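> A single structure is presented below for examination.
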Amino acid sequence: MNRFKSLDIFRGFTVAAMILVNNPGNYHHVYPQLEHSAWHGCTFTDLIFPFFLFAVGNSMAFSLKKMEEIPSAVFLKKISKRFLLLFLIGFLLNIFPFVEWNSQHQLEWLPTEKYRYFGVLQRIALCYFCSALLIYYLKDKGAVITSIFLLLFYWLICYIANPNDPYSLEGWFGTTLDVKLFGASHLYHGEGKAFDPEDIWSAPAAISQTVFGYITGKYIIQRLAGKKELIRLFAWGLALIVAGYLWSFAFPINKKIWTSSYCLFTTGIALAFLSLLIYLIEFLKIKGPLYSVFDDFGKNTLFIYCLSGIVPSLCALILIPNTKQNLWDFSYQAIFGNCTNQALGSVLFALFFVFLNWLVALFLRKKNIYIKI
């Protein structure tokens with residue numbers, strides 16, 4: 001098998017799940033597994049971004065194969081261009097729609113001091129760029145060794161920077177550095193203070209995760225011929241889950257500062273889940289009702305992800321006359337607002353939005369439109 005369909009399904013599932021957890025109808029009524037852990041710990045939602053990076057690594061097993069023989073200068077130009085484009089798109093998504101309502105209920109340009117520099121696509125861009133460099137110049141073995149070193153190095157830096165309280169929101173070294181270097185107003189404030197979970201300081205373990213995704217993709221392409229190799233892949237997943245869990249007693253599992261234990265734990269779950277998909281899709285030839293849905297999502301991943309961020313931002317900008325609601329909140333109340341279980345209504349609205357995004361993905365697939373950078 002040269003191209004496992006399960007890799008596309010894995011990527012499509014991840015995008016659909018990301019849209020689901022990012023867009024509840026009511027942020028005050030969300031099932032615990034559909035929101036991030038308060039700090040340490042790992043919920044279903046905490047799995048999605050590392051799954052995304054793991055999928056990026058899988059895809060690199062195909063794209064970097066074409067670049068192995070090209071000159072270094074050409075290679076650097078290609079990956080630098082993709083890095084810059086991804087970073088720019090992510091930055092523009094952060095500040096979209098570029099305007100906001102002021103206290104006088106007038107639209108004004110978003111002040112530059114509110115521009116957030118970091119974000120999901122920016123981290124993906126950085127992880128892609130650094131992983132590609134490691135793989136191209138150090139080859140597979142060197143990239144894996146360096147990735148393990150990064151995990152250990154990040155753990156050491158966290159501890160050395162603040163031995164008394166290295167892993168708390170206030171004690172983690174990156175929080176102070178971000179405020180000093182970039183300014184509090186340019187950082188994410190979802191934790192009630194200036195703290196950015198996608199900054200550069202917590203990137204080492206995320207880069208390692210992308211490399212592990214690449215190694216997995218290459219193993220699947222080149223070596224996975226039967227159940228023996230699949231069992232080995234699944235066993236590696238279980239081993240990483242156990243390793244991440246054991247490490248968490250010293251270095252807690254934490255998505256928001258992307259700890260090394262979190263990297264191993266979520267990589268292990270990704271490996272185990274991907275192994276299950278391969279077994280069901282490639283070996284048993286089982287294609288359930290969601291197969292084509294995830295396949296469609298997996299074909300235009302970047303575009304659909306961006307669309308899922310643009311639409312809510314536009315809806316939040318449109319105010320409904322004679323109400324105090326924007327179009328997003330009004331739509332939720334009109335469709336699912338009467339649901340007696342508010343958490344259920346919130347997730348049903350999110351699923352409805354996933355469905356709308358799938359209709360776009362389906363249209364693009366039927367028209368053979370594939371948007372890539």
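Numbering starts at 1 and runs along the chain as displayed.
Every residue gets a Cβ built from N, Cα and C, even glycine.
Pulled the feature table from TrEMBL, pasting it below:
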- 3-157: domain 'Heparan-alpha-glucosaminide N-acetyltransferase catalytic' (DOMAIN)
- 7-25: transmembrane segment (TRANSMEM)
- 37-62: transmembrane segment (TRANSMEM)
- 83-99: transmembrane segment (TRANSMEM)
- 119-138: transmembrane segment (TRANSMEM)
- 143-162: transmembrane segment (TRANSMEM)
- 200-221: transmembrane segment (TRANSMEM)
- 233-253: transmembrane segment (TRANSMEM)
- 259-281: transmembrane segment (TRANSMEM)
- 302-323: transmembrane segment (TRANSMEM)
- 343-364: transmembrane segment (TRANSMEM)
> Find the member of 7-25, 143-162, 200-221, 259-281, 302-323 that has more C-beta pairs under 8 Å to the transmembrane segment (343-364) than any other listed stretch.
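Comparing 7-25, 143-162, 200-221, 259-281, 302-323 against the transmembrane segment (343-364), the winner is 7-25.
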> At an 8 Å Cβ cut-off, counting only pairs 6 or more apart in sequence, do the transmembrane segment (259-281) and the transmembrane segment (302-323) clear the bar of 3 or more pairs?
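Checked: the transmembrane segment (259-281) vs the transmembrane segment (302-323), no contact.
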> Are there residues at least 6 beyond the ends of the transmembrane segment (233-253) whose Cβ is under 8 Å from a Cβ of it, and what are they?
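Those are 40-42, 155, 158, 167, 216, 219-220, 224, 259-276, 278, in sequence order.
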> Under 8 Å, at least 3 Cβ pairs, sequence separation 6 or more: does that hold for the transmembrane segment (302-323) versus the transmembrane segment (37-62)?
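Stretch pair does not touch.
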